[in-house]
Amino acid sequence: MKSKLKLHGFNNLTKTLSFNIYDICYAETPEDQQAYVRYIDEEYDAQRLTQILTDVVDIIGANVLNIARQDYDPQGASVTILISEQPVEPTESQIEESPGPLPETILAHLDKSHITVHTYPEIHPVDGLATFRVDIDVSTCGVISPLKALNYLIHQFDSDIVTVDYRVRGFTRDVEGRKHFIDHEINSIQKYLSADTRAAYQMTDVNVYQENMFHTKMLLKDFDLDNYLFGDATLNLSVEQRKQVEKRLRHEMLEIFYARNMPH
């Protein structure tokens, strides 16, 4: 383990992980489209999201100060958790550049500042394409990196497309008064993903190292059409219809991945 940086007072660095997760599907009829929205609304209601974020608090090592949660009408949910740091010495595994735990290996450790999640179900008015977006922000103040929560969160949602941003702001001083604008090594957000996750996604990085800003976009490689069909009406699609639906879905996913409208 590298020698620890001796600080003058508290570590004042703020580390923020922001990411958007998209789940795409095709629902042919208006009835199936509304059923999809209801399904998502029930599957990821405020109570379920609270449990997921509480697990994140354990992963990054935090204490819960307050939880505010809300289910919205007609759809969507939000949860905000305020968290605080304990005076506990971080372990090497909590600060090194490596993947965080998977859902089945969660261990509670120590803690930080706030976590928020918002959900956005959406349906295309004509094409039958339905999108479920989850926006999550994990902001910590101190030595622990919120990137440790990334691996777990991707496995908690049906993630077809993921956009991740990580930035470090502020500075902290060592005992000699020298400023430090980042306190850990990082070359890519991808280093915090497990091997199976890296293998499953096509990934692109845009990093601004001198500004301590890191960006990774992820697109699921494997495409099985049956995993994207929702509702009874999709059970009897003809071969030609299946080809058309697959074309629409792939086009939708590429537009979201590249964040721009593309010609058909």
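In case you wondered, yes, glycine gets a Cβ from its N, Cα and C as well.
As given in Swiss-Prot:
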type	residues	note
ACT_SITE	Ser113	active site, schiff-base intermediate with substrate
MOD_RES	Ser113	pyruvic acid (Ser)
ACT_SITE	His118	active site, proton acceptor
ACT_SITE	Cys141	active site, proton donor
Residues near His118 (active site, proton acceptor) in space but at least six apart in sequence (CB under 8 A):
Gly76, Ala77, Ser78, Val134, Asp135
I'd like the number of other C-beta atoms within 10 A of the C-beta of the residue listed as 'active site, proton donor', please.
20
Using DSSP reduced to three states, classify Ser113 (active site, schiff-base intermediate with substrate) as helix, strand or coil.
coil
Once DSSP output is merged into helix, strand and coil, the residue listed as 'active site, proton donor' belongs to strand
For the residue listed as 'active site, schiff-base intermediate with substrate', what is the tally of other C-beta atoms lying within 10 angstroms of its C-beta?
21
How long is the line from the C-alpha of the residue listed as 'active site, proton donor' to the C-alpha of the residue listed as 'active site, schiff-base intermediate with substrate', rounded to the nearest angstrom?
6
